[in-house]
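Features reported for this protein in Swiss-Prot:
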DISULFID  C191-C201  disulfide bond
DOMAIN    552-604  domain 'TB 1'
DISULFID  C648-C661  disulfide bond
DOMAIN    887-929  domain 'EGF-like 5'
DISULFID  C913-C928  disulfide bond
DOMAIN    1051-1092  domain 'EGF-like 9'
DISULFID  C1061-C1075  disulfide bond
DISULFID  C1078-C1091  disulfide bond
DISULFID  C1097-C1108  disulfide bond
DISULFID  C1139-C1151  disulfide bond
DISULFID  C1146-C1160  disulfide bond
DISULFID  C1186-C1201  disulfide bond
DOMAIN    1303-1344  domain 'EGF-like 15'
DISULFID  C1423-C1448  disulfide bond
DISULFID  C1532-C1542  disulfide bond
DISULFID  C1737-C1748  disulfide bond
Amino acid sequence: MRPRTKARSPGRALRNPWRGFLPLTLALFVGAGHAQRDPVGRYEPAGGDANRLRRPGGSYPAAAAAKVYSLFREQDAPVAGLQPVERAQPGWGSPRRPTEAEARRPSRAQQSRRVQPPAQTRRSTPLGQQQPAPRTRAAPALPRLGTPQRSGAAPPTPPRGRLTGRNVCGGQCCPGWTTANSTNHCIKPVCEPPCQNRGSCSRPQLCVCRSGFRGARCEEVIPDEEFDPQNSRLAPRRWAERSPNLRRSSAAGEGTLARAQPPAPQSPPAPQSPPAGTLSGLSQTHPSQQHVGLSRTVRLHPTATASSQLSSNALPPGPGLEQRDGTQQAVPLEHPSSPWGLNLTEKIKKIKIVFTPTICKQTCARGHCANSCERGDTTTLYSQGGHGHDPKSGFRIYFCQIPCLNGGRCIGRDECWCPANSTGKFCHLPIPQPDREPPGRGSRPRALLEAPLKQSTFTLPLSNQLASVNPSLVKVHIHHPPEASVQIHQVAQVRGGVEEALVENSVETRPPPWLPASPGHSLWDSNNIPARSGEPPRPLPPAAPRPRGLLGRCYLNTVNGQCANPLLELTTQEDCCGSVGAFWGVTLCAPCPPRPASPVIENGQLECPQGYKRLNLTHCQDINECLTLGLCKDAECVNTRGSYLCTCRPGLMLDPSRSRCVSDKAISMLQGLCYRSLGPGTCTLPLAQRITKQICCCSRVGKAWGSECEKCPLPGTEAFREICPAGHGYTYASSDIRLSMRKAEEEELARPPREQGQRSSGALPGPAERQPLRVVTDTWLEAGTIPDKGDSQAGQVTTSVTHAPAWVTGNATTPPMPEQGIAEIQEEQVTPSTDVLVTLSTPGIDRCAAGATNVCGPGTCVNLPDGYRCVCSPGYQLHPSQAYCTDDNECLRDPCKGKGRCINRVGSYSCFCYPGYTLATSGATQECQDINECEQPGVCSGGQCTNTEGSYHCECDQGYIMVRKGHCQDINECRHPGTCPDGRCVNSPGSYTCLACEEGYRGQSGSCVDVNECLTPGVCAHGKCTNLEGSFRCSCEQGYEVTSDEKGCQDVDECASRASCPTGLCLNTEGSFACSACENGYWVNEDGTACEDLDECAFPGVCPSGVCTNTAGSFSCKDCDGGYRPSPLGDSCEDVDECEDPQSSCLGGECKNTVGSYQCLCPQGFQLANGTVCEDVNECMGEEHCAPHGECLNSHGSFFCLCAPGFVSAEGGTSCQDVDECATTDPCVGGHCVNTEGSFNCLCETGFQPSPESGECVDIDECEDYGDPVCGTWKCENSPGSYRCVLGCQPGFHMAPNGDCIDIDECANDTMCGSHGFCDNTDGSFRCLCDQGFEISPSGWDCVDVNECELMLAVCGAALCENVEGSFLCLCASDLEEYDAQEGHCRPRGAGGQSMSEAPTGDHAPAPTRMDCYSGQKGHAPCSSVLGRNTTQAECCCTQGASWGDACDLCPSEDSAEFSEICPSGKGYIPVEGAWTFGQTMYTDADECVIFGPGLCPNGRCLNTVPGYVCLCNPGFHYDASHKKCEDHDECQDLACENGECVNTEGSFHCFCSPPLTLDLSQQRCMNSTSSTEDLPDHDIHMDICWKKVTNDVCSEPLRGHRTTYTECCCQDGEAWSQQCALCPPRSSEVYAQLCNVARIEAEREAGVHFRPGYEYGPGPDDLHYSIYGPDGAPFYNYLGPEDTVPEPAFPNTAGHSADRTPILESPLQPSELQPHYVASHPEPPAGFEGLQAEECGILNGCENGRCVRVREGYTCDCFEGFQLDAAHMACVDVNECDDLNGPAVLCVHGYCENTEGSYRCHCSPGYVAEAGPPHCTAKE
């Protein structure tokens, strides 16, 4: 648990801990008992405690009106952050109710003030404006008891007394400073006028503005740009969106804005109407387009100016405004939305929230009340799966992971509270019938809203996601009491229980404000939009004149202030700015003017929204952006309503930048082994874990991959670009690829099929009735046909038609259509319950009976000769278009008369009465009537109740007093000191009583106080008196006990107990006792109360040579020292004569007994070791004979010096002298040589040193020379002439012994990523690459099936989509239809292709003919290469075949009719055998890898794709497209072996180093292996001194100059090895023969055993019968003896080196046998080849049947011919040539092949003899 920290407000310490706020929960209620409630259900004092200012329609009361009470059970505190002028003086009687006009006039306090601490979120009055004082009723001068009198305009009174500290001038605060609340320190700056728009006062007269504001008092709104979450584009923030006071009604939920402009300076507030068009006319036309997921707000923050103005760069709490519950709530302007993509918010599992609550309360003392606000701890909460509860803070926070549309509110993790006009899980469905109530979701949220709590809603981005234009948004809802405010600091996503590093949500690039953020965003739900002619003109920003018809250049964005990315063709300004352009111009480019959110007719001109253009004076037509050239590079453009989207072709997908299409092979999830080397026909050196081909081949690590050993493609080839589109060193993660899909909504899945057309999409069905729609081919909208948005049925869908509409000739006033449009008029049926176009066929037709269902909607249709008229039902009115009936908003007439909140409903309304009123219903009329609270019992207990309008007040009786809550409270007379001076005062309602005190008490000031008896002398003698309430108690001293009445102490007779003095005589005394006459071995203790044992061991001299053990009354000597033993009596230790013991010995000396030990007297030159052995004296341990330039080595009776480099031995080898290197030759080329002690110096520049190889001055690698001390735990990086220290290995890496950071291969766990994907290790992490049809799970550790039916919109058109494992099927609902995959819809059976009568009978198609399929590779003769056998013509010619059949008929070309007949579904698709449904053949993707087998991709692995396949070459191979196969890649041409010799092999290479260079970790560089042992701690772990002579078990004559391994020492001139003098095996022993590998070869050669040519012989596993360790436990190794040559065999191995060979003919009666001979494996070893013996690698029996190559981190093996490397065991295993070369018949014709160790033998059949050439047997001649 992290320590609790205390947040501090400016200038005062937090005095009350945050734990005091524990009672907070999701639905806490403040304790009742207050006199009355304010209009939103909160309690407030009665009468004149506060004047209530009201908002129209039940808005929040003014901040000055609401008295909010805390949870601390103290006197309640007023709202924090209010100016003193806002706290009205109390008065008697009822408050004056504002008139209707006044109630409708929003006050300044209503507009700008919130219940929050002043230093945090208070909004001040703008510069130059005065806050209107609340209207108060005149109150009598009589003040109320306990209520402070406050001046209306007086500033905060400074504390009394003289101030000290900072900013103090003359005992008072300096100008510009004031004291902070509850402190006496002048640390609070003053800004007059105050900072506006929630700006904070940083220093005197210096405001720090929030984002989006500027000015000296933050009064100016910055014309910045905000990302529109709904339309997924950056749009200019208009006046209605910038206002900090913007509110949206939560009851209506239809997008209506209710806000007021700021009042003019010095003028009272006046009612304002919202500007026209502030919300899009179709912003909520269909909820399915309001996608929820990624969203982002991008704001530009200005820098500080010269006017002492500061600007905050902090990210604002969210794209919308803070939301509080109550009757009116502020919600974000738009619903958070995302492109058509996966809803990433659903995958959020664990979220962290960092917030700070603020608590305000009022404390009153001595008639003075003070307001105190304190900030709680900055608290971090975690939410698992959407719910979180922190027991420390008492908060319960939930996250809304679902979208609540149409004004709905999230009340749980997966639950929305919907308004009256919508229903569904997301509030996305309209109410089916106007008179039907919403589904039962009202009870719980309604009770929630009426609770005396506040709900704060914050919409914030997840702060630890990667920065992008569309970060995930999370809505955080917090319910809390009104006196608390919450500030959210951070919302971060936590993965896997570990808190990841945070990433700032910043966007450095600025896209154009009206360009779609990404492909896939659709701005409108219909291709046609009407202009709203019934609304006032909407003010638009001034735009440059647009000359019609003038063509110019259209630019998409700007780069460094210059227009960039122009389109390929010239366009008009309207076409450019209305579609994808951001700038336009002919000679000079200018920004495009902003577009309206919906069609608006202004000054007779039609302004169309983004993505639409004018069709005529009243219609806007969708712009087909896909006609613009170059819009979707390497992708297909799909036009949408008001926008477009780019989709990649099959087999491709968008890369993470969403700017280009890459092959889906780049995120293949298939895993396999990655091989670092290739041998002849096989892969070698595989990595330990399976990885993807991308990781293997794109990272330069592997040469081949997969079970088929597929060679990695060469860089620059098409195959390389497919899997590595980003080049070497980069791969794509599947999580980086966003599929251009979205989940279908519930109503879309249940929607009936609709016809498909040529265009992208049509209108969606209406909410009232579901009926098929037609796809719009050329759509437009008419002005004046959209119903009012107040209608609950409006704003859902705009039905589109495919032709021009007929005009209503009734009351609709619209211009006629052109004649050419009228000529095409046809009858059209349209659902009237949605936003429709009223269409007619021809005049004279009865429209009311033309088949449409209730044309007028909620009304009666009256047919007229030239049209029709609608007579609306009660509660409805005629729409301004005169075409149908819409809901009448009765609330505009205030039917509730200011006594309640009016909620308009479809065809009716409802009054929600304020507290103090009750609802009275009379027919269709509702009104609020006053409640007579005085009729309720106990309302004014102790007083008289007087009812008032909407409230009541109490007149208190005698003995009672009016409290601030409006109740009569009994006066406690007992509080006065003079009441009952000689007794106890008992208060009673309205009076009191005096009672006499009990015993032990006395009267004092009306109370009975305890008498302290302990003050009386003599009480509790021999004890301690403890006063009790009304009595006392005695606690006795030791030796005394309490009397029975506990009022005294008496002596205890300790001698009465046998436990006292058990070993002596007991004598009782007063309060104690004494012991005497103790037994033998005991003595009396110091206090005389016991006979204690006498510890003899404490006396000196007892057991001097042993351990004295004390016993009861005695002691004994035990555990005698070495050389001593206990005496017979056990009371002493006596000496032992060790020289008498035959087991004791003094090896090499004379034994002499001593007291407690013995001595070994050694001869001269030896010294005693271990007390028993005389060893040679090590002179090197004494004086430094060879120091300081040599190392002293002891010898038998002497020593010699091993001189350091640069010194030579002198004086008979007993000293070292310096060698002057500069005297011989100048070793410093390009520098000056200076001889030094033991060396020389080349004078070079700082940071450089002479190279030991060239003598030139080269850079000093400080990191290598000095190692870890240079940078400690950090990583050292060398630089020319210097070095730098950087942080060590990053997470996901571990440090290798050489200091390199090596990636941790998480994919070592085979279960990672499951069975439908494979793990792809990346640098520092890993990713799961899933198979086709699968996607990565939310955990990221496995692959799950992709439900294409949910993610792909209308993938099967009108057919039913059925998801299957890894794919999906399209099924028609009717058995009489079949799905046409080419056209994408269901059609009647037999409509195309073969008719039903022609279809074959039965359920299966006839079996096709199968023959051989031939490839057409270059360099091969036609029909010479069989690609596959037993294939059909479709399987051959529709895939990779060139010809087919016995006649080798050529396959038709792809553009021929014959090819279309054989392959109707195209190349890569073949008919499904047996799938014959109603006469139609089903086609599927051809799996070429299965059809043609391994022959399709030799030296590689075949991977099937849809359609086609790819060859994943083995490591060391690359794909040759011309030959269609994997060919060997010559790594030696890529400089794969640095400082060594590279030898290319089939599929791999070998790097050989010249001594003393060895291979490094990469296996591609030779480096110096003679580094210091400090750099290589385990490099020479098996290197030590080699001793040439061993005498008397003493090693002598060490091998001078270097150290060796155990095998090197014993097999050359040594007899013992290492400091432990490990003896070598005898040279005549079998162990020596095995160790040095010499005698065995000679013995076997003498026995006539011949060895295979080209191979060096080494012992096998069966030959090692001796212990694998030497005598001292050190390992010994095989040693390869000198190479030898013997006569060549009769049949040489074809893989060996060619030479003249003479056949050896055996007896004709016996089968010939090939017997290999021992020859040199490399007649001429290549230069740089490290021909090391196995033991030189410092390994144990390693690399048998091969050479050991020692590298820095260990060793590797180069196997002899006939053997191959088993990388798992690092051993060379035999190659079975008889099975490896396609069977023994190839090797031994007319005989049989027998495999041998490292070779093989051919046994010829009778009548055949061995042939000298190929390994065959020929007939005898």
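One-based numbering along the chain as shown.
Glycine residues also receive a Cβ, built from the backbone N, Cα and C atoms like all the rest.
Cα of C1061 (disulfide bond) to Cα of C1748 (disulfide bond): a distance of 86 Å. Around the Cβ of C1201 (disulfide bond), the same chain contributes H1185, C1186, G1190, E1191, C1192, L1193, S1209, G1213, T1214, S1215, C1216, each under 8 angstroms and 6 or more positions distant in sequence. Geometry remark: C913 (disulfide bond) versus C1146 (disulfide bond), CA distance 114 Å.
Among the disulfide-bonded residues C1075, C1097, C1146, C1151, C1748, the residue whose Cα lies closest in space to that of C1532 (disulfide bond) is C1748.
In terms of local Cβ density within 10 Å, C928 ranks first among the disulfide-bonded residues C928, C1151. For the disulfide-bonded residues C648, C1108, C1160, C1748, counting C-beta atoms within 10 A of each C-beta gives the highest total at C1748. When DSSP labels each residue, the domain 'EGF-like 9' (1051-1092) comes out as 3 helix, 16 strand, 23 coil, counted as helix, strand and coil in that order. In the predicted model, the domain 'EGF-like 9' (1051-1092) shows an average pLDDT of 85.
In the shown protein chains, 20 other C-beta atoms lie within 10 A of the C-beta of C1146 (disulfide bond). Of all the Cβ atoms in the protein chains shown, 22 others lie within 10 Å of the Cβ of C913 (disulfide bond).
Separating the Cα atoms of C648 (disulfide bond) and C1423 (disulfide bond) is a whole-number distance of 38 Å. The number of other CB atoms found within 10 A of the CB of C1448 (disulfide bond), across every protein chain shown, is 15. Cβ neighbours within 10 Å of C1078 (disulfide bond), excluding its own Cβ and spanning all shown chains: 19. Long-range Cβ neighbours of C191 (disulfide bond) (same chain, at least 6 residues apart, Cβ-Cβ under 8 Å): C201, P204, Q205, L206, C207, R217. C1146 (disulfide bond) sits 94 Å from C1423 (disulfide bond), counting Cα to Cα. Its own atom aside, the Cβ of C661 (disulfide bond) has 21 Cβ atoms within 10 angstroms in the protein chains shown. Secondary structure at C1160 (disulfide bond), taken from DSSP and collapsed to helix, strand or coil, is strand.
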